[in-house]
Amino acid sequence: MVSVTRTVFGELPSGGGTVEKFQLRSDQLSVDIISWGCTITALQVKDRQGKASDVVLGFAELEGYLQKQPYFGAVVGRVANRIAKGRFTIGGKEYHLPVNREPNSLHGGFTGFDKVLWTPQVLTNGVQFFRVSPDGEEGYPGELKVWVTYTLDGGELVINYRAQASQTTPVNLTNHSYFNLAGQGSPNIYDHEVTIAADAYLPVDETLIPTGVIAPVEGTAFDLRKPVELGTHLQDYHIHGFDHNFCLKESKEKKFCARVRHAASGRILEVYTTQPGVQFYTGNFLDGTLKGKNGAVYPKHSGLCLETQNWPDSVNQPQFPPALLRPGEEYNHTTWFKFSVA
């Protein structure tokens, strides 16, 4: 049984509209999602003692989400991740996007899908958000209709993304939640055990754009096919963290993507997706300056992201999975976040 409660979360400045919060509750999970950026603001998960903790980073008030902050919990688009130099070509025409993370365009530009108000509709077991991205928004061609649907089923949070375009355009939608299974506000994720079901990953240049090589994980720090404890693993390989796309099987079917286990609490997160990739990011750019929920500060490595997605810069890399959505087609992807305890 799932209950859905609708409340006001806050008012946007200068009459920009009302941001609403939707709380989805089952016996195992409670998830708060707001209509600003389709953002997950809280996710309460029980530990093996039955004690619930909030396992996502974020803010208690709307003001937190309106400041400069690293996409906590938000849906990002029209194209998640980086597009090299903020440009791409379709049918011989070059399109220019805002370069909001020098020298590239990141997560849809300066005003991506995370920084707009969506129109909500309550469902029996969740909430659906809708918006129309106008032709030319942030430099992207064509009008794009987008539906993001969150549903709850026991211990599983399901996110479905659908989109339809009036002109050929790249589309790549994901959710940018930062997880800490010890509870948000815990200082780091070093005691998290991570598994990612990927035989290959994408090496990147110094601006975090894939070089074009699809590299086997075998014998590298990127071999996460068997569980590794993050802190030890980062030390063993002398790396400062992950911010890389891992290549999953390219089938459109639901497939196992990743597993995160926090031994002390017993909490386990399993991720399944229809997408061909997942960006594993260990919060390397968090620096402790933002004040989060309950007075928490978020230093480097205090949360991890598993952003299911198409591969970064695929609009410019023909050997990557196709990036374009054409008129008459439908973009349709689903990701499942399944929580349990052991």
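Here the Cβ of each residue, glycine as well, is placed from N, Cα and C on the backbone.
Cross-referencing ASP47, ASP223, ASP236, ASP243 with the beta-D-galactose binding residues that Swiss-Prot gives (ASN81, ARG82, HIS107, HIS176, SER177, TYR178, GLN279, GLU307) picks out ASP243. In this structure, the recorded positions under consideration are SER14, ASN81, SER177, and the one with the smallest number of other Cβ atoms within 10 Å of its Cβ is SER14. Local packing around the Cβ, expressed as the count of other Cβ atoms within 10 angstroms, is greatest for GLU307 among the binding-site residues ASP243, GLU307. In terms of local Cβ density within 10 Å, HIS107 ranks first among the recorded positions HIS107, HIS176. Among the residues the record lists as binding beta-D-galactose, namely ASN81, ARG82, HIS107, HIS176, SER177, TYR178, ASP243, GLN279, GLU307, the two farthest apart have Cα atoms separated by 18 Å.
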